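Chemist: Before we start, here is the structure in question, set down as structure tokens.
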Amino acid sequence: MSPATAPPTRDGCRVTAGSVAVAVIAVIAWEIASHLSFVIPEPLDTFLALGRDLGDPRFLAGLRETLLAALAAFVLAMLIGGPAGLGLGLSRRARVVFSPIITMLNGIPKIVLYPVLLPVFHLGYGSKIVMGLLFGLFPVLINTAAGVREIPDVYWRLARSLRATRWQTLTRILLPAIRGPLLTGVRLAVSLSLVGVVLSEFFATERGLGRIVLSAYSSGDYAGMVSTILLLIAISFALSLFLWRLERRVR
């Protein structure tokens, strides 16, 4: 191994060792906390409950419904937020008109809108997807608009001097220039779309992981409740980590 490659390897070992140490400390703290409160299950009981649930067809059906609703919400957030962000970033008039409205809507706690959505979309996929969309839309829209506004003027002058078409300007200049902010918005939208869907399932839906968590709490199955929450955290963390690494690579 050459000296140039040795430091990254040592750094990787340190990061891995640090992660393992943090995980061990967290499990020990969790075990201690489980003996202080009956609401906190022991780690072993929690992982056994997770194994039990992953073999339950009803649990898997709820997991599938939650993930499909979150995926649909995320795709809609991209399809709406991406073009809207481009338009907002490119048009000063659009920014003057819509920026205050977007800022106001983004500041509203999204979950308070759920009672308004129920009469329109009813129970099931519709209301969950719209709630996930409301959570995931604004990171994509705002980051895309900010990325467009940060493009240096020399890029636009280059496009004009080369007489690039609108399509060429979009694909050769604009999109490559905003890929960093866009990926940041995508990373946030993935997690927030899942959060929005799960929160909607707490209130008035019949299936999904949010409903499973609420049912486990109501029946005193705290191990099942915590294991489902940990599964949601693990899914969100894995997706965010993948997109974060992709974001670092393209930057």
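Every residue number used here counts from 1 along the chain in the order it is shown.
Cβ coordinates are placed from backbone N, Cα and C, and glycine is handled just like the others.
What TrEMBL says about a protein is an automatic prediction, not a curated fact.
According to TrEMBL, the feature transmembrane segment maps to 12-33, 67-90, 97-117, 129-148, 182-202, 222-244. The domain 'ABC transmembrane type-1' annotation in TrEMBL covers 63-243.
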Chemist: With Cβ-Cβ distances below 8 Å as the criterion, list the same-chain residues six or more beyond the ends of the transmembrane segment (67-90) that contact it, or say none.
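Modeler: Contacts of the transmembrane segment (67-90) (Cβ under 8 Å, skipping residues fewer than 6 from its ends): 98-99, 102, 125, 128-133, 135-149, 174, 178, 182, 185-186, 189-190, 193-194, 196-197, 208, 235.
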Chemist: Tally Cβ pairs under 8 Å between the transmembrane segment (129-148) and each listed stretch (97-117, 182-202, 222-244), then give the stretch with the top tally.
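Modeler: Between the candidates 97-117, 182-202, 222-244, the best contact partner of the transmembrane segment (129-148) is 182-202.
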Chemist: Is the transmembrane segment (182-202) packed against any residues at least 6 beyond its ends, judged by a Cβ distance under 8 Å, and which are they?
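Modeler: Result: 66, 69-71, 73-74, 77-78, 81-82, 85, 110-111, 114, 127-129, 131-137, 139-144, 147, 175, 208-211, 213-214, 232, 235-236, 239-240, 243-244, 246-247, 250.
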